[in-house]
Amino acid sequence: MIAMNTPDFQRMKKDNKKISMVTCYDYWSACIISQSNVDCILVGDSLAMVMYGHSTTLPATVEIMAQHIQAVSRGAPNKFIIGDMPFCSYRKDLTTSMNAVERLMQAGAQAIKLEGADAHNLKFIHHVVKSGIPVIGHLGLTPQSIYTLGGFKVQGKEPSAAKKLMADAKALAETGCFAMVLECVPSELAELITHSISIPTIGIGAGPATSGQVLVLQDLLGTNNQFQPKYLKKFLNGFELIKKALDDFDQEVKTSTYPHLETHCY
């Protein structure tokens, strides 16, 4: 039984209880998360970068997303799972875009997430919500628009940009999103948006006043020692711990310490 549902997001904001979300891409990681207190899981299109080594999220496809959603849903059947709509999958004709939504939902997602709030997206979100499918919005740094934005940069620093973000947030809430991600926006702006809309905000690089926080599992575990954006706290030095385990294995194999005849052999 899934421990969380869409009304819980609204209730938690109303009760001033923070929402914890972790981005996860695979079965074994999901198994661990399933035993944790983390509220929900995002299967993000960032898997194109984290799992496949691309420099952007753009190479993620609907089929790749569906495969990873299936793996995560098998590992964490008790968690609320959000699936990212990948690059251009919701910018096509309505039938094709809805086929993409259907694929992700049938793969095991309980909701979808998409980036931006232009007229096309708002119309599509309205249709998806009216179809009975929960939607999370995403504003601020929207990685699928990385070439338009000019890189991975903080958004909403200028007054005009901040005003637009506020308007977009209100539009997403009014269109029917049940929550939204705010990525890499100034803390004060994120706080204003959070207090100005009825739905919860999930921050990443958006300060402490959002309704919750999301981090990529590999980032919070510190498995990439080359990645240290300002917003990231590494809750474990995973890189060094994993490297040490590998070096210890290598050493024991080469010294014939492992496998031990009495302990590890049949």
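Every residue, even glycine, has its Cβ placed from backbone N, Cα and C.
Worth saying up front: this structure is predicted, and the values here are computed from it rather than measured.
For E183, the entry in Swiss-Prot reads active site, proton acceptor. The Mg(2+) binding site annotation in Swiss-Prot covers D45, D84, E115 and rests on sequence analysis. If you look up Swiss-Prot, you'll see D45, S46, D84, K113 marked as 3-methyl-2-oxobutanoate binding site.
Overlay of Swiss-Prot feature records on the structure.
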residue : record                               : Cβ neighbours (10 Å)
D45     : Mg(2+) binding site                  : 27
S46     : 3-methyl-2-oxobutanoate binding site : 20
D84     : Mg(2+) binding site                  : 29
K113    : 3-methyl-2-oxobutanoate binding site : 24
E115    : Mg(2+) binding site                  : 22
E183    : active site, proton acceptor         : 23
Quiz item: Excluding D45, D84, E115, which residues of the same chain place their Cβ within 8 Å of the centroid of the Cβ atoms of the recorded Mg(2+) site?
Solution: G44, S46, T57, A60, M85, P86, F87, K113, L114, H138, P143, Q144
Quiz prompt | Cα distance (Å, whole number) from D84 (Mg(2+) binding site) to K113 (3-methyl-2-oxobutanoate binding site) | solution = 5
Quiz item: On the Cα atoms of D45, S46, D84, K113, which are listed as binding 3-methyl-2-oxobutanoate, what is the maximum pairwise distance in Å?
Solution: 12
Quiz item: What binding-site residues in the list D45, S46, D84 lie within 10 angstroms of E183 (active site, proton acceptor), counting C-alpha atoms?
Solution: none
Quiz prompt | DSSP three-state assignment (helix, strand or coil) for D45 (Mg(2+) binding site) | solution = coil
Exercise. Can you see whether DSSP assigns K113 (3-methyl-2-oxobutanoate binding site) to helix, strand or coil?
Key: strand
Practice problem: For E115 (Mg(2+) binding site) and S46 (3-methyl-2-oxobutanoate binding site), determine the Cα separation and express it in whole Å. | Solution: 13
